[in-house]
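Worksheet for the structure shown next.
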(Lines of atoms letter the chains of each structure in order from A and count residues from 1; the text may use other names and numbers.)
(Lines give C-alpha, C1' and ligand atoms only; values in the text may rest on other atoms or scores of the structure.)
Protein backbone atom coordinates (compact mmCIF):
# COMPACT_ATOMS: atom_id res chain seq x y z
CA UNK A 1 0.00 0.00 0.00
CA UNK A 2 1.36 3.41 -1.00
CA UNK A 3 2.35 6.09 1.48
CA UNK A 4 -0.43 8.45 0.42
CA UNK A 5 -3.09 5.73 0.50
CA UNK A 6 -1.96 4.75 3.99
CA UNK A 7 -1.91 8.34 5.21
CA UNK A 8 -5.30 9.15 3.72
CA UNK A 9 -6.94 6.01 5.12
CA UNK A 10 -5.61 6.93 8.55
CA UNK A 11 -7.47 10.24 8.41
CA UNK A 12 -10.59 9.17 6.52
CA UNK A 13 -12.82 10.91 9.04
CA UNK A 14 -11.22 14.28 8.25
CA UNK A 15 -12.62 14.93 4.76
CA UNK A 16 -10.78 18.18 4.16
CA UNK A 17 -7.43 16.35 4.14
CA UNK A 18 -8.55 14.53 0.99
CA UNK A 19 -9.68 17.78 -0.56
CA UNK A 20 -6.34 19.47 0.13
CA UNK A 21 -4.47 16.58 -1.52
CA UNK A 22 -6.90 16.72 -4.43
CA UNK A 23 -6.30 20.43 -4.91
CA UNK A 24 -2.55 19.80 -4.91
CA UNK A 25 -2.94 17.16 -7.60
CA UNK A 26 -4.95 19.57 -9.75
CA UNK A 27 -2.32 22.27 -9.26
CA UNK A 28 0.40 19.81 -10.19
CA UNK A 29 -1.39 18.86 -13.42
CA UNK A 30 -2.08 22.53 -14.23
CA UNK A 31 1.55 23.48 -13.69
CA UNK A 32 2.83 20.61 -15.83
CA UNK A 33 0.43 21.29 -18.69
CA UNK A 34 0.22 25.08 -18.72
CA UNK A 35 3.39 26.22 -16.94
CA UNK A 36 5.27 26.72 -20.19
CA UNK A 37 2.44 28.84 -21.63
CA UNK A 38 1.63 30.95 -18.57
CA UNK A 39 4.83 32.17 -16.85
CA UNK A 40 2.81 33.30 -13.81
CA UNK A 41 2.17 29.67 -12.84
CA UNK A 42 5.50 28.25 -13.98
CA UNK A 43 8.37 27.85 -11.52
CA UNK A 44 10.22 31.05 -10.73
CA UNK A 45 13.57 31.17 -12.61
CA UNK A 46 15.34 31.82 -9.30
CA UNK A 47 14.20 34.19 -6.53
CA UNK A 48 10.48 34.77 -6.11
CA UNK A 49 7.34 32.70 -5.77
CA UNK A 50 4.77 31.46 -8.30
CA UNK A 51 1.83 29.07 -8.15
CA UNK A 52 4.04 26.17 -9.20
CA UNK A 53 6.45 26.84 -6.33
CA UNK A 54 3.87 26.10 -3.61
CA UNK A 55 2.89 22.59 -4.77
CA UNK A 56 5.86 20.68 -3.30
CA UNK A 57 5.81 22.33 0.16
CA UNK A 58 2.03 21.89 0.32
CA UNK A 59 2.47 18.16 -0.30
CA UNK A 60 5.14 17.96 2.41
CA UNK A 61 2.88 19.88 4.77
CA UNK A 62 0.10 17.34 4.20
CA UNK A 63 2.50 14.46 4.81
CA UNK A 64 3.18 15.96 8.23
CA UNK A 65 -0.52 16.45 8.99
CA UNK A 66 -1.23 12.84 8.05
CA UNK A 67 1.60 11.56 10.24
CA UNK A 68 0.16 13.36 13.26
CA UNK A 69 -3.04 11.36 12.78
CA UNK A 70 -1.48 8.07 11.69
CA UNK A 71 0.67 7.74 14.83
CA UNK A 72 -1.66 9.28 17.39
CA UNK A 73 -1.90 5.86 19.09
CA UNK A 74 1.01 3.41 18.97
CA UNK A 75 0.87 -0.18 20.15
CA UNK A 76 4.54 -0.87 19.42
CA UNK A 77 7.17 1.71 18.48
CA UNK A 78 9.50 -0.88 16.95
CA UNK A 79 6.81 -2.19 14.60
CA UNK A 80 5.79 1.34 13.62
CA UNK A 81 9.43 2.20 12.90
CA UNK A 82 9.88 -0.85 10.70
CA UNK A 83 6.73 -0.06 8.70
CA UNK A 84 7.81 3.57 8.27
CA UNK A 85 11.22 2.49 6.95
CA UNK A 86 9.62 0.06 4.50
CA UNK A 87 7.25 2.75 3.18
CA UNK A 88 10.20 5.10 2.80
CA UNK A 89 12.14 2.51 0.78
CA UNK A 90 9.13 1.95 -1.48
CA UNK A 91 8.88 5.67 -2.20
CA UNK A 92 12.63 5.93 -2.85
CA UNK A 93 12.54 3.03 -5.31
CA UNK A 94 9.50 4.40 -7.14
CA UNK A 95 11.15 7.83 -7.28
CA UNK A 96 14.39 6.44 -8.70
CA UNK A 97 12.52 4.52 -11.38
CA UNK A 98 10.25 7.39 -12.40
CA UNK A 99 12.66 10.34 -12.13
CA UNK A 100 16.05 8.68 -12.40
CA UNK A 101 15.93 8.70 -16.20
CA UNK A 102 14.70 5.19 -17.06
CA UNK A 103 11.78 6.43 -19.17
CA UNK A 104 12.94 8.72 -21.96
CA UNK A 105 12.90 9.17 -25.73
CA UNK A 106 9.13 8.90 -26.05
CA UNK A 107 9.10 9.59 -29.77
CA UNK A 108 11.07 6.42 -30.43
CA UNK A 109 9.97 4.64 -27.22
CA UNK A 110 13.47 4.13 -25.87
CA UNK A 111 14.03 3.09 -22.26
CA UNK A 112 16.90 2.47 -19.89
CA UNK A 113 19.29 4.55 -17.86
CA UNK A 114 23.06 4.84 -17.71
CA UNK A 115 23.86 4.20 -14.05
CA UNK A 116 26.78 6.60 -14.27
CA UNK A 117 24.28 9.42 -14.93
CA UNK A 118 21.14 8.37 -13.05
CA UNK A 119 19.47 11.15 -11.08
CA UNK A 120 19.50 10.14 -7.41
CA UNK A 121 17.19 12.81 -6.00
CA UNK A 122 13.67 13.80 -7.02
CA UNK A 123 10.22 14.74 -5.81
CA UNK A 124 9.24 11.35 -4.39
CA UNK A 125 12.67 10.93 -2.83
CA UNK A 126 12.25 14.26 -1.03
CA UNK A 127 8.78 13.26 0.17
CA UNK A 128 10.26 9.96 1.37
CA UNK A 129 12.95 11.74 3.40
CA UNK A 130 10.40 14.12 4.93
CA UNK A 131 8.07 11.23 5.72
CA UNK A 132 10.82 9.18 7.39
CA UNK A 133 12.11 12.01 9.59
CA UNK A 134 8.58 13.07 10.48
CA UNK A 135 7.58 9.51 11.33
CA UNK A 136 10.65 8.96 13.51
CA UNK A 137 9.98 12.21 15.36
CA UNK A 138 6.35 11.29 15.93
CA UNK A 139 7.17 7.75 17.06
CA UNK A 140 10.11 8.51 19.35
CA UNK A 141 10.11 12.23 20.21
CA UNK A 142 6.89 13.02 22.03
CA UNK A 143 6.11 13.23 25.71
CA UNK A 144 3.45 11.48 27.76
CA UNK A 145 1.83 14.53 29.34
CA UNK A 146 -1.84 15.33 28.74
CA UNK A 147 -2.60 18.29 26.47
CA UNK A 148 -5.02 20.88 27.79
CA UNK A 149 -3.75 24.03 26.09
CA UNK A 150 -1.41 25.27 23.39
CA UNK A 151 1.42 25.61 25.91
CA UNK A 152 1.02 22.05 27.20
CA UNK A 153 1.05 20.81 23.61
CA UNK A 154 4.36 22.58 23.01
CA UNK A 155 5.76 20.87 26.11
CA UNK A 156 4.55 17.47 24.91
CA UNK A 157 6.28 17.88 21.55
CA UNK A 158 9.24 19.99 22.70
CA UNK A 159 11.79 17.49 21.39
CA UNK A 160 10.24 17.67 17.93
CA UNK A 161 10.54 21.45 17.97
CA UNK A 162 14.11 20.96 19.15
CA UNK A 163 14.70 18.88 16.02
CA UNK A 164 13.28 21.76 13.95
CA UNK A 165 15.71 24.21 15.54
CA UNK A 166 18.63 21.86 14.89
CA UNK A 167 17.68 21.34 11.23
CA UNK A 168 17.19 25.06 10.58
CA UNK A 169 20.49 25.89 12.28
CA UNK A 170 22.29 23.20 10.27
CA UNK A 171 20.85 24.48 7.00
CA UNK A 172 21.64 28.13 7.66
CA UNK A 173 25.16 27.42 8.91
CA UNK A 174 26.00 25.37 5.81
CA UNK A 175 24.28 27.70 3.32
CA UNK A 176 26.00 30.82 4.60
CA UNK A 177 29.15 29.33 6.12
CA UNK A 178 30.57 26.92 3.55
CA UNK A 179 33.28 28.10 1.19
CA UNK A 180 32.45 27.41 -2.46
CA UNK A 181 35.56 26.96 -4.65
CA UNK A 182 35.79 27.23 -8.43
CA UNK A 183 34.31 24.26 -10.28
CA UNK A 184 33.77 22.91 -13.79
CA UNK A 185 31.40 20.74 -15.79
CA UNK A 186 31.23 19.16 -19.24
CA UNK A 187 28.66 19.23 -22.04
CA UNK A 188 28.80 16.69 -24.88
CA UNK A 189 29.08 18.21 -28.35
CA UNK A 190 26.89 17.22 -31.28
CA UNK A 191 29.56 15.04 -32.89
CA UNK A 192 29.90 11.93 -30.74
CA UNK A 193 33.58 11.53 -31.66
CA UNK A 194 34.50 14.98 -30.36
CA UNK A 195 35.59 15.62 -26.80
CA UNK A 196 33.00 17.20 -24.50
CA UNK A 197 33.15 20.93 -24.00
CA UNK A 198 34.42 21.99 -20.56
CA UNK A 199 33.03 25.03 -18.76
CA UNK A 200 34.76 26.53 -15.72
CA UNK A 201 32.82 28.51 -13.14
CA UNK A 202 34.66 31.07 -11.01
CA UNK A 203 33.51 31.22 -7.40
CA UNK A 204 35.86 31.36 -4.42
CA UNK A 205 33.15 32.87 -2.21
CA UNK A 206 31.19 32.13 0.93
CA UNK A 207 27.51 32.77 1.76
CA UNK A 208 26.19 33.65 -1.69
CA UNK A 209 22.75 32.44 -2.81
CA UNK A 210 23.11 33.08 -6.54
CA UNK A 211 22.74 30.26 -9.09
CA UNK A 212 26.46 29.68 -9.67
CA UNK A 213 28.20 29.65 -6.31
CA UNK A 214 25.75 28.55 -3.62
CA UNK A 215 26.52 25.85 -1.04
CA UNK A 216 23.42 23.84 -2.00
CA UNK A 217 24.79 23.10 -5.45
CA UNK A 218 28.33 22.53 -4.17
CA UNK A 219 27.20 19.87 -1.68
CA UNK A 220 25.24 18.03 -4.39
CA UNK A 221 28.15 18.16 -6.82
CA UNK A 222 30.52 16.86 -4.15
CA UNK A 223 28.40 14.09 -2.65
CA UNK A 224 26.03 13.02 -5.44
CA UNK A 225 28.29 13.88 -8.36
CA UNK A 226 27.53 16.46 -11.04
CA UNK A 227 26.50 13.74 -13.54
CA UNK A 228 23.69 12.66 -11.19
CA UNK A 229 21.97 16.05 -10.96
CA UNK A 230 18.94 17.47 -12.76
CA UNK A 231 19.98 18.77 -16.18
CA UNK A 232 17.24 21.32 -16.81
CA UNK A 233 17.71 23.81 -13.96
CA UNK A 234 15.25 26.66 -13.49
CA UNK A 235 18.00 29.28 -13.67
CA UNK A 236 18.34 28.50 -17.39
CA UNK A 237 15.22 30.71 -17.75
CA UNK A 238 16.73 33.76 -16.03
CA UNK A 239 17.46 36.89 -18.07
CA UNK A 240 21.15 36.13 -17.75
CA UNK A 241 20.74 32.74 -19.43
CA UNK A 242 17.77 33.09 -21.81
CA UNK A 243 16.82 35.76 -24.32
CA UNK A 244 13.21 34.58 -23.91
CA UNK A 245 13.18 34.85 -20.10
CA UNK A 246 11.16 33.86 -18.12
CA UNK A 247 10.82 31.07 -20.72
CA UNK A 248 13.56 28.84 -22.04
CA UNK A 249 15.42 30.16 -25.04
CA UNK A 250 18.81 30.60 -26.70
CA UNK A 251 21.71 31.83 -24.61
CA UNK A 252 22.49 35.56 -24.78
CA UNK A 253 25.86 36.41 -26.33
CA UNK A 254 27.29 37.35 -22.93
CA UNK A 255 25.79 34.42 -20.99
CA UNK A 256 27.93 33.28 -18.03
CA UNK A 257 29.57 29.87 -18.02
CA UNK A 258 27.20 28.31 -15.47
CA UNK A 259 23.96 28.69 -17.46
CA UNK A 260 23.99 25.10 -18.75
CA UNK A 261 25.30 23.48 -15.57
CA UNK A 262 23.22 20.75 -13.88
CA UNK A 263 21.49 21.69 -10.62
CA UNK A 264 19.11 19.59 -8.58
CA UNK A 265 16.10 21.42 -7.10
CA UNK A 266 15.54 18.43 -4.79
CA UNK A 267 19.13 18.23 -3.57
CA UNK A 268 20.56 17.19 -0.21
CA UNK A 269 20.89 20.47 1.69
CA UNK A 270 17.63 21.90 0.38
CA UNK A 271 15.87 18.72 1.53
CA UNK A 272 16.90 19.54 5.10
CA UNK A 273 14.59 22.54 5.04
CA UNK A 274 11.93 20.52 3.22
CA UNK A 275 11.90 18.18 6.22
CA UNK A 276 11.12 21.20 8.41
CA UNK A 277 7.99 21.86 6.32
CA UNK A 278 6.89 18.29 7.06
CA UNK A 279 7.47 18.82 10.79
CA UNK A 280 5.43 22.03 10.70
CA UNK A 281 2.58 20.06 9.12
CA UNK A 282 2.99 17.50 11.89
CA UNK A 283 2.18 20.24 14.41
CA UNK A 284 -1.07 20.99 12.58
CA UNK A 285 -1.96 17.30 12.79
CA UNK A 286 -1.38 17.44 16.54
CA UNK A 287 -3.94 20.23 16.78
CA UNK A 288 -6.56 17.95 15.20
CA UNK A 289 -5.74 15.22 17.71
CA UNK A 290 -5.76 17.34 20.87
CA UNK A 291 -8.41 20.00 20.16
CA UNK A 292 -11.97 18.99 19.30
CA UNK A 293 -13.75 22.33 18.97
CA UNK A 294 -13.72 24.05 15.57
CA UNK A 295 -12.85 27.44 17.02
CA UNK A 296 -9.89 26.04 18.98
CA UNK A 297 -8.48 24.29 15.92
CA UNK A 298 -8.92 27.34 13.69
CA UNK A 299 -7.27 29.62 16.24
CA UNK A 300 -4.28 27.32 16.76
CA UNK A 301 -3.85 26.99 12.99
CA UNK A 302 -4.28 30.60 11.94
CA UNK A 303 -1.96 32.20 14.51
CA UNK A 304 1.20 30.25 13.52
CA UNK A 305 0.23 30.36 9.82
CA UNK A 306 0.04 34.15 9.87
CA UNK A 307 3.29 34.39 11.82
CA UNK A 308 5.08 32.14 9.33
CA UNK A 309 3.94 34.19 6.34
CA UNK A 310 4.86 37.51 7.95
CA UNK A 311 8.26 36.21 9.08
CA UNK A 312 9.01 34.87 5.59
CA UNK A 313 8.11 38.13 3.90
CA UNK A 314 10.18 40.14 6.38
CA UNK A 315 13.17 37.87 5.77
CA UNK A 316 12.72 38.23 2.01
CA UNK A 317 12.71 42.01 2.28
CA UNK A 318 15.78 41.80 4.53
CA UNK A 319 17.81 39.94 1.90
CA UNK A 320 17.08 36.25 2.65
CA UNK A 321 15.14 35.81 -0.57
CA UNK A 322 12.26 33.41 -1.11
CA UNK A 323 13.84 30.74 -3.33
CA UNK A 324 12.41 27.31 -4.12
CA UNK A 325 15.55 25.90 -5.75
CA UNK A 326 17.53 26.51 -2.53
CA UNK A 327 14.49 25.95 -0.27
CA UNK A 328 15.52 28.97 1.77
CA UNK A 329 14.26 29.53 5.29
CA UNK A 330 12.10 32.43 4.07
CA UNK A 331 10.61 30.17 1.39
CA UNK A 332 9.81 27.53 3.99
CA UNK A 333 8.10 30.12 6.21
CA UNK A 334 5.97 31.64 3.44
CA UNK A 335 4.89 28.32 1.91
CA UNK A 336 4.27 26.57 5.25
CA UNK A 337 2.20 29.52 6.44
CA UNK A 338 0.28 29.62 3.15
CA UNK A 339 -0.35 25.88 3.40
CA UNK A 340 -1.71 26.36 6.91
CA UNK A 341 -4.06 29.11 5.75
CA UNK A 342 -5.37 27.07 2.80
CA UNK A 343 -5.69 24.03 5.07
CA UNK A 344 -7.75 26.05 7.54
CA UNK A 345 -9.95 27.44 4.78
CA UNK A 346 -10.74 23.99 3.43
CA UNK A 347 -11.45 22.76 6.95
CA UNK A 348 -13.97 25.57 7.50
CA UNK A 349 -15.72 24.91 4.19
CA UNK A 350 -15.85 21.12 4.43
CA UNK A 351 -15.98 20.21 8.11
CA UNK A 352 -17.66 23.25 9.64
CA UNK A 353 -20.03 24.34 6.84
CA UNK A 354 -20.53 20.87 5.32
CA UNK A 355 -19.52 22.04 1.82
CA UNK A 356 -18.68 18.51 0.72
CA UNK A 357 -20.62 17.44 -2.38
CA UNK A 358 -18.88 19.87 -4.79
CA UNK A 359 -15.52 18.59 -3.52
CA UNK A 360 -16.07 14.85 -4.04
CA UNK A 361 -13.76 14.87 -7.05
CA UNK A 362 -11.02 16.49 -4.99
CA UNK A 363 -11.61 13.90 -2.26
CA UNK A 364 -11.17 11.09 -4.78
CA UNK A 365 -7.97 12.67 -6.09
CA UNK A 366 -6.67 12.99 -2.54
CA UNK A 367 -7.20 9.26 -1.96
CA UNK A 368 -5.24 8.40 -5.11
CA UNK A 369 -2.60 11.12 -4.96
CA UNK A 370 0.42 8.91 -5.62
CA UNK A 371 -1.08 7.24 -8.69
CA UNK A 372 -2.15 10.60 -10.13
CA UNK A 373 1.34 11.97 -9.48
CA UNK A 374 2.88 9.05 -11.37
CA UNK A 375 0.58 9.52 -14.36
CA UNK A 376 0.80 13.32 -14.46
CA UNK A 377 4.45 14.08 -13.83
CA UNK A 378 6.28 11.16 -15.43
CA UNK A 379 6.32 9.50 -18.82
CA UNK A 380 4.06 6.61 -17.82
CA UNK A 381 0.91 7.99 -19.45
CA UNK A 382 2.63 8.88 -22.76
CA UNK A 383 4.25 5.43 -22.77
CA UNK A 384 0.81 3.82 -22.45
CA UNK A 385 -0.67 6.02 -25.17
CA UNK A 386 2.20 5.43 -27.60
CA UNK A 387 3.37 1.98 -26.52
CA UNK A 388 0.45 -0.03 -27.88
CA UNK A 389 0.07 0.09 -31.66
CA UNK A 390 -1.33 -1.90 -34.59
CA UNK A 391 1.36 -3.22 -36.99
CA UNK A 392 3.13 0.17 -37.22
CA UNK A 393 4.33 2.35 -34.25
CA UNK A 394 2.40 5.30 -35.67
CA UNK A 395 -0.90 3.41 -35.38
CA UNK A 396 -1.25 3.94 -31.64
CA UNK A 397 -3.96 5.18 -29.29
CA UNK A 398 -3.15 8.82 -30.06
CA UNK A 399 -3.71 8.19 -33.78
CA UNK A 400 -6.99 6.46 -32.95
CA UNK A 401 -8.38 9.52 -31.16
CA UNK A 402 -7.18 11.91 -33.86
CA UNK A 403 -3.89 13.17 -32.37
CA UNK A 404 -0.64 12.99 -34.30
CA UNK A 405 -2.12 12.40 -37.76
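Think of each number as a place in line: the chain as shown, counted from 1.
Just so it is clear, glycine is given a Cβ too, placed from its N, Cα and C backbone atoms.
Residues or ranges marked as transmembrane segment by TrEMBL: 12-31 (among others).
According to TrEMBL, the feature transmembrane segment maps to 51-72 (among others).
Taken from TrEMBL, the feature transmembrane segment applies to 84-103 (among others).
Annotation source TrEMBL lists transmembrane segment at 123-141 (among others).
Look at TrEMBL and you will find 161-179 (among others) tagged as transmembrane segment.
The transmembrane segment annotation in TrEMBL covers 268-291 (among others). Distant neighbours of the transmembrane segment (268-291): 14, 56-57, 60-69, 72, 121, 126, 129-131, 133-134, 137-138, 147, 153, 157, 160, 163-164, 167-168, 170-171, 174-175, 215-216, 219-220, 223-224, 297, 300-301, 304, 308, 325-329, 331-332, 335-336, 339-340, 343; these residues of the same chain sit at least 6 beyond its ends, with a Cβ under 8 Å from one of its Cβ atoms.
Residues annotated as transmembrane segment in TrEMBL: 298-317 (among others).
The feature transmembrane segment is assigned by TrEMBL to 329-350 (among others).
Taken from TrEMBL, the feature transmembrane segment covers 370-390 (among others).
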Same chain, outside the transmembrane segment (298-317) by at least 6, Cβ under 8 Å from its Cβ: which residues?
150, 280, 283-284, 287, 291, 329-341, 343-344, 347-348
Contact set of the transmembrane segment (329-350) with the rest of its chain, CB cutoff 8 A exclusive, min separation 6+ beyond the ends, reads 15-16, 19-20, 23, 49, 53-54, 57-58, 61-62, 65, 168, 171-172, 273-274, 276-277, 280-281, 284, 294, 297-298, 301-302, 304-313, 315-316, 320-323, 356, 359
Under 8 Å Cβ-Cβ from the transmembrane segment (123-141), and at least six residues away from its ends along the same chain, one finds 3, 56, 59-60, 63-64, 67-68, 70-71, 74, 77, 80-81, 84-85, 87-89, 91-92, 94-96, 98-99, 157, 159-160, 163, 266, 271, 274-275, 277-279, 281-282, 373, 377
